[in-house]
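Before any comments, here is the structure.
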Amino acid sequence: MSHHTATRRPAPLTSLLESWVADQLITPEQADRIRLRGDVLAELPGVQERPHERSSLVTEALGYLGGVIIVVASILIASLYWDQVGTTARLVIVGGVAAVLLAAGFAVPQRIGDVALRLRSVLWLASTGAFAGFLGLLGGDALDLAGEHVFLMVSAGVAAYATGLWLVDRPPVQQLAMMVGFMLTAAALTNELDVGDALPGFAVWGVALIWLLLGWGGVLDPRRLVIAFGAAGMFAGAMTTIPTDAGIALALATSVAVVAAAVVFRDLLMLAVGALGTLLVLPSSVIELFPGELAAPIVMLVVGALLVGAGLFIARRRHTGRQPTTPTRDFSSGTPTIAVTAAGITGVVVAAVIVILALV
């Protein structure tokens, strides 16, 4: 028995939008915003053989397995002879692993479609990790830099390396590595100012907020995933500031803002990130604010009930067939101009706060 799948080809965007507006699936304003984004791909029924499907899956599996074997073999070799080789040999080993994984990613054939993108992303992610190890050895052993300088060197190098790889195919995995690199670079730069333990976390929070705004405005794609990345990064940065009163306020404000935005955007993925982040930041924040034994469980009980209610509200709004009688403005996505402007303002404000507190 032969296997069939649906074909995908460009469909006329204008006719699709007109039919969606007529069926009240979207508002005219939403149709105008979609029309600005260009052509879309529509799945049309058809018959198409998949002669390369099995070979593509085999290629993907072998690529993953080969990458894991390379990493494991390198670790085993390093553990056996690491103490017996010099710094140059260590750099060659780790740098060689990064180069092999990088070359393997470029060697993945484009003709296997989505499999190529996934396989290349995994190989390049492993290459990014190996490159981080190479920079750590270079800064710590070869150049004998101080710990904070090594941190800055590694984070900045990883950010640049991941950005270069992301520009090739723009895969989400590589974008996540790029975001982490920029967040760590911001933390490392702030740490160079010798401003204590809380402000580097605030710098991480600022970079994550910028990322979220760029995703919201469509500057970075896919929008929902980028917003989730940014929200998770905001929680990660806020958590490191919790020992201070300002950090507790930042963490709680982040929880409220992310959950509220998820409700307004009707985004269950963002709500899931907000719920998990709240679960992580709330106990320590409540304990700091209310030392009593019963205070923390009661507050968490109330917040949990509110999150459940928010989830049910979003689910009902997303699955209801009723449309508003009058068009309402859709805030779930913004324009690139507004997003870039907001991101720039955020960067300036966060940097100014850090510099001012460093000088005080």
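Cβ atoms here come from the backbone N, Cα and C positions, even for glycine.
Residues or ranges marked as domain 'DUF2157' by TrEMBL: 18-139. Among the features that TrEMBL reports, transmembrane segment is placed at 61-82, 88-109, 121-138, 150-168, 175-193, 199-218, 225-242, 248-265, 272-290, 296-315, 336-359.
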- The DSSP breakdown of the domain 'DUF2157' (18-139) into helix, strand and coil residues is 95 helix, 5 strand, 22 coil
- Message: Let me check one thing: do the transmembrane segment (175-193) and the transmembrane segment (225-242) come into contact, meaning three or more Cβ pairs under 8 Å with sequence separation of at least 6?
- Response: yes
- Message: Quick test of the contact rule: Cβ under 8 Å, at least six residues beyond the ends. What residues does that give for the transmembrane segment (336-359)?
- Response: 190, 193-195, 199, 202-203, 205-206, 209-210, 213-214, 216-219
